[in-house]
Structures are given as structure tokens and as C-alpha cells.
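S.K.: Quick one: structure below, then a few questions.
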């Protein structure tokens, strides 16, 4: 049975690989110089997703303990990746604050979804949903920190002006935080307002392909979109306030 399933997977993936071949041929024809990169990222995605599939099969056997361990690993990796990219001196504090921010948005999202039983408190639901939260929160945090650091560096005279007039560091930084978070959340707001009109999002597509009721699929998808939008706002504001001293001295 397992061999039959694997053979079917290989056949289906072989057909689907036509998309990659088309992209490579066009890149080669137009001399874009990215043919090897297209092949590399495509094969890398294949390997990573299959590894993820086998890891999830193993984790699901441990129940919610395995789910929490998986979420902990995702939060740790997300914190490390952003810490490495953001140009702030105190990397240790940045990592801790990033971890706290990811953990906060994850706990809030998990509580809102599972306490009223909007979704079942099971690994098969919790892991992918929290993965969506962490992944989208990564983008918002990165954009917010990049934006506020650039603003502080380019408009330092304005910041010192607020401080000279007697404002506290938090009060002086608040206008910068406001603009940075607004900029960081705009991409998610655009995705939220265009969902169902311009594109059908991944979670809903997956449910429809698995034979779910379209109305139920739409309900779950809008819950996910609201959850991600909320997490984006919370994470953007929280990380800026937690790191305000380091941001001012950037």
C-alpha cells in the first residue's frame, strides 16, 4: 500500500515538474541567468516539504506535547533569523524580545481559537495554524524594525528635538513606532481586503481540494485572515516597545 502511494506521488510530482521546466526554459531563452537557481530552489522546496511531512507524522504521534515542541522550535528559528538580519547592537536582548513577541502572538491566537473551540485543540490543527501566525508575524516584525531603525537614523534631529522638549524616550519614539507599524501592517491589510475577490488563499484552496464544504472553508479562511491581521498589529507594536532603548541608540 505504501509503495503504491509513493509511486503515485512520484508520477504526480513528475508531471508537476513541468512547471519548473517551463520556467527554466524561458529563463534560458531570455538569458536571465537564473536557471540553476530555479532548479535549486524547486528541488530544495521538494526536499524540505517532504521532510516536514515525515516530521509532522512523527510529531503527531506525541500529541500536544509534540505540537508545543514543534511550535517552540519554529519560534526559536524565527527569532534567530530576524536577529541575524536586523542591525542592532544588543543581539541577545533582540533575540529575547523577538522570542517574547512570537510567544505572545502565538498564545493569544491559540487561546482565541481553542478556548471557545473554534478549532480543535489537536496537533493537526494547532501546528499549521500557529505556523501561519509565526510566518506572517516574521514579515511584520522584520518590516517594522527595518522601518523604525531607518527612520530614527534619517530623522535623528526630530527625535532629539522631542527629547530636548522634555519627552521621555517612549514618548519621543511613539510617532516613529506609529509610522513603522502602519507600514509593516499594510501588506497584510492589502491581502485581507483582496481575499476572495482577487485571489483564493492557500488554506481555503487546500480545504476545497480535500472536498470540504465551500462555506465552511470560507469560514475557516476568514478566521485565519483575522488571526494573522491581529497578530501582525500586536507583534509590530510589541517588538518596537520592547526594543525602544536599542532603537533610539541605533
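The backbone N, Cα and C atoms fix where each Cβ goes, and this holds for glycine too.
Dumping what Swiss-Prot says about this protein:
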type     : residues : note
TRANSMEM : 6-26     : transmembrane segment
TRANSMEM : 49-69    : transmembrane segment
TRANSMEM : 95-115   : transmembrane segment
TRANSMEM : 124-144  : transmembrane segment
TRANSMEM : 195-215  : transmembrane segment
TRANSMEM : 222-242  : transmembrane segment
S.K.: Please report, as numbers and ranges, the same-chain residues at least 6 past the borders of the transmembrane segment (95-115) whose CB is under 8 Å from any CB of it.
M.R.: 71, 75-76, 78-80, 82-83, 121, 126, 129-130, 133-134, 137, 141, 223, 227, 230-231, 234-235, 238-239, 242-243
S.K.: State the non-local partners of the transmembrane segment (222-242) in its own chain: residues 6+ outside its ends, Cβ under 8 Å from one of its Cβ atoms.
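M.R.: Beyond its ends, the transmembrane segment (222-242) has Cβ neighbours at 97-98, 100-102, 104-105, 108-109, 112-113, 118-119, 129, 132-133, 136-137, 140-141, 143-145, 148, 170, 173, 177, 180-181, 184-185, 188-189, 191-192, 195, 201, 203.
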